[in-house]
Every structure is written in structure tokens, then in C-alpha cells.
Amino acid sequence: MDTKIGAIDACKAAGNDVCGAHNGTVSTIQSSVSPSVISSSEATLGRHLARRLVQIGVTDVFSVPGDFNLTLLDHLIAEPGLNLIGCCNELNAGYAADGYARSRGVGACVVTFTVGGLSVINAIAGAYSENLPVICIVGGPNSNDYGTNRILHHTIGLPDFSQEHSCFQTVTCYQALVNNLDDAHELIDTAISTALKESKPVYISVSCNLPGIPHPTFSREPVPFSLSPRLSNQLGLEAAVEAAAEFLNKAVKPVLVGGPKLRVAKAGKAFVELADASGYPLAVMPSAKGQVPEHHPHFIGTFWGAVSTAFCAEIVESADAYLFAGPIFNDYSSVGYSLLLKKEKAIIVQPDRVVIGNGPSFGCVLMSDFLRALAKRLKHNDTAYKNYSRIYVPEGHPLKSAPKEPLRVNVLFDHIQKMLSSESAVIAETGDSWFNCQKLKLPEGCGYEFQMQYGSIGWAVGATLGYAQAVPQKRVIACIGDGSFQVTAQDVSTMLRCGQKTIIFLINNGGYTIEVEIHDGPYNVIKNWNYTGLIDAIHNGEGNCWTAKVFCEEELIEAIETATGPKKDCLCFIEVIVNKDDTSKELLEWGSRVAAANSRPPNPQ
């Protein structure tokens, strides 16, 4: 099983003397070569934390300074190979760490006590929902103030410093309160290794007076982490494969559907191997787009119930057996609980559990192990894919625009499709971009990210900053609605400071369109901004930036040609003016079904 993250390597084999425990706990490499000694001036908590971040593959940390974290920031800056990126607010710093983790496998942010912590916590909750290891570091009170009756600033006015810590307990998998140098090394290492092992965020609070103090526990270069690989229960694995093979081999037209937990299970390759071996058609749930190669010969699109891509739902819902790998069935992914699926026809494969129909459930079975073993036991059956091939009709193109006709959203995305390549990545903001971007066909190597489970509007600005910083060799194309952009717009300035070359399509339709289609009201109308004027003001002559405002297809074509030609090394911001009622047909259908689910009357008592 591949458990490599950043610079971390899994143990290679049992019995090798560089491996630690094999009981699922995190261990460190036991090397016969002593780690190099660090000078006393650098043998500090702050430098140890910095070294650990670099070691696991984090080369950029997103931060907002505050008086409780300033000394810590000094030590992070001093670490070679670590770049400190100052953000405009803590929420965007958290979103940036989220976006960074999606590409690098782990991200980190640093904020100050309570006012910063409670600001970043929304982004950390989103990372938790998406199974992203984000190291959230908070500069905390002076260690001498703990246990006293003192009231500190940045608190709610009570002599109790636990409020922030309590809030993070439900959105992180581990919380380290570092206010003593004697156990700081252990707490920091446990927090970081737990984030990597669990693929969830962790919280580390560091007292503001500790980062610069030398301590013997930091006197040697930290030994790299080695995460003991999780192992399947072999008997359970064999039983699960036997039952699943029997279930699928007697089916006439089985299908495969990939879910968002393919990422955390690191099972994407195993899923494709299963599709290759079985001949089954493969689809993805909307939140798994980008996790499965869309150039695969048996790929049939996104399964999203009534708003699936063309002909996909018909094949999945008419199948007599379906295997879902890593699904999340919530009200959004099920289109208001309206999927036409039957439990008795389904095999549900989660990262460490397999459930077959209404029958047996097998625990301690890793998804990648199960999928690879199952691939060897299935008979080749391409019946469902042949059915898809028979009914499939190629999608048409939008109607040709009349000269200077107001731009339509479907025309915009037709042109975005032509921009995609292996050297690009798409970030889709919560809103109608969810639906329009789902219809994009991703070339091999093209990245794709969006936040479906948490669905926090404004996520895309910070996530674009972080993702683009993590993979500078790709050009990120962000599709963001005007309502979402108004929540987090400031950190376009940080993109400029970092010299990023992202293309942002700001879709200006005058409000919260996704909410209009669920439940309309005057609260969904927003104040219109001069968005290109705002970006020009943020640019202020510093950095490489180019803006354009387009009203018709001719102007859009010219803007794209400029952004991908003379301005290819600039951050390009293209404001696209569209009608307020111009939405995808999928949003219209989805919105009405979600509205029906939201408005269900109370059950009789």
C-alpha cells in the first residue's frame, strides 16, 4: 500500500530495522546513523516545527501575524526551504492550506490566539469534511498565564483559555497544547504524524514565549517520520472478495462508481485496475471528479441522479449490480435523496470496510487491497458499457451566438473546455460552477478540485491561492461566482505577491444564483461591484496582473487569447457579465429537488 506523503516513506517490509511498530501506531525511523547535531541557537521549538513541516513536504505556510505568534513566525522564516505567505485574513489562510493539501498531500497555516483561531476554524472544518491533513498552528498565551486568574486580550473576557481548544476538538483529529518545553517535541511530532495517518486536520497551540528557547530535545536533526502501513485482515479480505465476486459475477450488467473517499484511501489506481480487468463501465460521483481518469475507454461520466451527465444515470440506475468505491451519500450528492438505487444491488466499499447488499459486512479490509484482489476474481463483462455505447448520442455545442449577442454561460464553458490540458487545473466554486464544471471533460493530467461536502461559498479564492502555490507548473483556471467572490476577494492580492499566473473567470450574474434556485428572496441579490476595477486597485502597479470585462462571445475569445498568449505569465482576471437567470439546466433540476428535501414537514409525533 502506498503511504508516501511529501518526504515521508512507509515502512518497506516487516523485520527491516528501520521500521517501527506494526500495530497501526505512528513510529519513527530507527537509523544506525545518528542525526546531525544542531547548534544551540537553532535547537528551538520554533525551528523544530519548521524542520518538521519541510520534512513532510510543506514548503509554503499560509499565515496571518498576531502578537501571540510573531516569535514563532520569526523561526519559520529562518528555516531554509520554508516560505511564509502572509494572507489577508485567517479564513483565506485556512482555505489556502486546504487547496495546498489537495495537491501536496498536506498543508499548514499559522494564526494567532482565539481571534485568529476562531476565524480560521471554518476552513479547518471544511478540510476535515474533505479528509485533508492540514496542520493548523496557533500562537497561544504565555506559558506562565496558564492556571492563573488573569484575563487576556483576544479572549472573551474570562480567565479561561480553553474556548479555542474546545472549538477545535470537533473539527480536528488531534489537539496539542504546547505550553511546556519538556513535552513539546512529543506533542508536535504526535500531532503532525496523526494528521498524516488519519488524513484529517490537527490543531497545535504554541505558547508565545517558547518558540525561541533552546532545549535539549531539539538538539539533533529530527528523524523523518515513518508511518506504519495499515494492513487488511487477511481472512476478512478473502471473505469479502469471495462474497463480492460471487455477487458481481452473477450480475448481467454491473457498473462501477467512484466516490470522493478514493482520495483518502489512496485507491484511485486500484479502482482503475478493477475497471480494466472487469470491463464494467465506470462513473464518478460529483465530488470524485478528478479522482478517476476521464480518458479511460469505459468512462461514462458523472453519476448525480437526475442531474448526471448524459446517459450516465440511465446506465447506473438500470444496472442489476453496482459497486460504489468510497461514496458519500448526502442530500446534495443524492439530489435531495432522490437517487433510484437499491441497497440490495449495491456493494459499498469504504476505506476500511466492505458492505455487500443487505448481507454481510467486512471490517478491517482496506479499499485498495480489496479492489486489487477483486480484479483477479471477476469475469470480464462489458454488457453495461455496450448498452451505454448503443444509447449514447454525442453532446452538441451551444447555439452560435449572434454578433455582439449577450454572452451565455454555456458558451463561456464551451470556451473554457478548449483551454484545458495536462498543464492546467480547474477550481470550481460552490454555486452554478459546480454544475457547469462537472460537464467539462478533463484531459489526462488536468487537475480538478471543488468542495462539495462542506460547500462553503468563498472557498475557491483561498483554495486557488494554495493549489497554485503547490503546483506552480500548472496554470489554474478558477470559476467563481460574484456572490462567493465578495466573501473572500482580498487574497487575490496574495496571489499577486506570490507571482501566480492563475486565470480567474468571475461570473457576474448579480447574486447567489444557487440559492435563488433553492429558495428565492431579496436576500439573494447582492450589490454589484466593479470587479475589474477592484482587481486593478489591488494590483496597484505591483506584480503582473491583467483584467478584462466581457459582455459577448467576441470579447471572451479575445480575452482568452490574450490570457493564454501575451499575458500567459500574468494573473488574469476576466469578469464575465451574464444574465441573472442564465443557469445550467442541472442547477434548475437540482435546486427544486433540494428545496423539496429542505421543506419536508415534521414527522408526526
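Even glycines carry a Cβ here, placed using N, Cα and C.
Feature annotation from TrEMBL assigns Mg(2+) binding site to ASP482, ASN509, GLY511. For ASN509 (Mg(2+) binding site), the same-chain residues lying six or more positions away in sequence with a CB closer than 8 A to its CB are GLY481, ASP482, VAL578, ASN579, LYS580, ASP582.
What TrEMBL lists as domain 'Thiamine pyrophosphate enzyme N-terminal TPP-binding' is 44-149. Mean predicted confidence for the domain 'Thiamine pyrophosphate enzyme N-terminal TPP-binding' (44-149): the pLDDT average there is 96.
If you look up TrEMBL, you'll see 241-359 marked as domain 'Thiamine pyrophosphate enzyme central'.
The annotation domain 'Thiamine pyrophosphate enzyme TPP-binding' is assigned in TrEMBL to 451-576.
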Which listed residue (ASP482, GLY511) has most other Cβ within 10 Å, given these are binding-site residues: ASP482
